[in-house]
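Quick notes on the structure that follows.
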């Protein structure tokens with residue numbers, strides 16, 4: 001890697017945008033990504049959105065149980081249906097993975113690690129679940145460090161992935177990404193202090209009965225601004241080469 005490229009790879013410019021329109025933000029991410037060149041600095045956009053459901057590329061209409069008056073927006077990220085609304089910290093890393101020197105699987109791992117470290121800042125233990133991207137917490141003891149039986153583990157090569165098991169867990173962060181010409185957009189949403197009722201109108205991420213939580217329901221009192229700053233710092237650190 002040349003010296004200028006190495007310097008760019010170390011830089012992730014943070015933009016705290018506040019409340020933004022979802023569709024306009026997606027269009028802006030697409031324009032940023034399509035207009036990139038070798039000298040474009042990576043950016044991290046953090047915002048929140050008005051209430052709406054988004055359907056990913058794999059989305060199925062039967063996971064929309066009763067959207068009611070909340071708009072449903074088709075989008076080009078990976079994954080199934082999820083909900084965005086006030087009190088949720090949405091982070092969009094706009095990265096050149098080729099320049100950073102890692103692949104999509106590691107990128108996902110690094111995003112999840114940033115969320116886990118963010119939760120740790122608030123005294124909460126985040127967990128991964130085999131076969132289900134995102135971060136989860138124990139409903140009975142969100143601060144417990146005990147490992148989950150459902151955690152990702154080494155499998156015999158060629159063996160099928162197990163069906164995700166969400167017993168005793170609540171989902172606190174959802175992940176949905178898009179990679180175009182080795183450049184990323186879309187990202188991760190961390191629930192801070194939300195109205196969680198809209199999640200009852202869908203099968204979150206395509207899983208019937210999956211419980212969704214936020215920081216406030218598990219005993220953490222914080223503001224959107226604080227949660228956004230902590231997540232932003234962690235993503236800046238964890239996404240560096």
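Backbone N, Cα and C define each Cβ position, glycine as well.
What you are looking at is a predicted structure, and each value in this text was computed from that prediction instead of being measured.
Database features, via Swiss-Prot:
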type	residues	note
DOMAIN	38-241	domain 'BPL/LPL catalytic'
BINDING	77, 78, 79, 80, 81, 82, 83, 84, 174, 175, 176, 187, 188, 189	substrate binding site
SITE	171	site 'Lowers pKa of active site Cys'
ACT_SITE	205	active site, acyl-thioester intermediate
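For residue 176 (substrate binding site), applying a Cβ distance below 8 Å and a minimum sequence separation of six or more within one chain yields 54, 56, 77, 78, 79, 82, 186, 187, 188.
Annotation for residue 171 (site 'Lowers pKa of active site Cys'): same-chain Cβ neighbours under 8 Å, separated by at least 6 residues, are 134, 135, 136, 204, 205, 210, 211, 212, 213.
Of all Cβ atoms in the shown protein chains, 25 besides its own fall within 10 Å of the Cβ of residue 174 (substrate binding site). In this structure, the binding-site residues 77, 83 were compared by how many other Cβ atoms lie within 10 Å of their Cβ, and the smallest count belongs to 77.
In the structure as shown, the Cβ atom of residue 79 (substrate binding site) sits within 10 Å of 21 other Cβ atoms. Here residue 81 (substrate binding site) comes close to 53, 54, 55, 56, 59, 60, 63, 64, 72, 202, 203, 204, 205, 206: these same-chain residues lie at least six apart in sequence, with C-beta atoms under 8 angstroms from its C-beta. In the structure as shown, the Cβ atom of the residue listed as 'active site, acyl-thioester intermediate' sits within 10 Å of 23 other Cβ atoms.
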